[in-house]
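Features as listed in Swiss-Prot:
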{"type": "BINDING", "residues": "G13, G14, S15, G16, A17, G18, K19, T20", "note": "ATP binding site"}
Amino acid sequence: MLMMLMMIIGITGGSGAGKTTLTQNIKEIFGEDVSVICQDNYYKDRSHYTPEERANLIWDHPDAFDNDLLISDIKRLKNNEIVQAPVFDFVLGNRSKTEIETIYPSKVILVEGILVFENQELRDLMDIRIFVDTDADERILRRMVRDVQEQGDSVDCIMSRYLSMVKPMHEKFIEPTRKYADIIVHGNYRQNVVTNILSQKIKNHLENALESDETYYMVNSK
């Protein structure tokens, strides 16, 4: 076991903004020093709903997420506990009954999702908050490609859902959370430049925290 300082970084933005790509880029730089926890896996259990009812749920609303469990799992990571996180099956529209994701305490915990800044208790756990700001047209195109490839949705279904649910929820709940961001990254960023800047900021934050004698956490090696 090693004595390490743990840093929690929130990454948010609209659906299709590029949050996952940025998260993966940061993880590639820090390797095993980074663990990722995705808000998408913390949609509430909907096993009591029929498939038809689940298809009509609004997924981009704060009430769709089990933030109590997400907050609890992040706190457990901070306490050097290994977390068994749920895995959400987007094809079935429900949590997987056969899969879980093991998340280990690390120097850097990336918390990624569309509404990770909306909940104050969740937001206050973060040392750095990053908002990925991408043009709406580009976001819907990215989402369309993803949902066709990964979920088998039709273009008509995607557009209908976007106009009736995704767009209104983005404007009401997601866009306003940019005011909580420490850093705003534009979605058409040059990956190498932005990722290197962010990685240096993360390193600086950890170094400054060490110098200021902030709290240390015992972090299990993976």
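Glycine is no exception: its Cβ is also placed from the backbone N, Cα and C atoms.
Secondary structure from DSSP puts T20 (ATP binding site) in a helix. With a cut-off of 8 Å between CB atoms and residues at least 6 apart in sequence, the same chain places V132, D133, T134, R139, G187 near A17 (ATP binding site), listed in sequence order. Ranking the binding-site residues S15, T20 by C-beta neighbours within 10 Å puts S15 at the top.
Figure note: comparing Cβ neighbours within 10 Å for the binding-site residues G14, G18, the maximum is reached by G14. Each of the binding-site residues G13, G16 was scored by the number of other CB atoms within 10 A of its CB, and the lowest score belongs to G16.
In the structure as shown, the Cβ atom of K19 (ATP binding site) sits within 10 Å of 27 other Cβ atoms.
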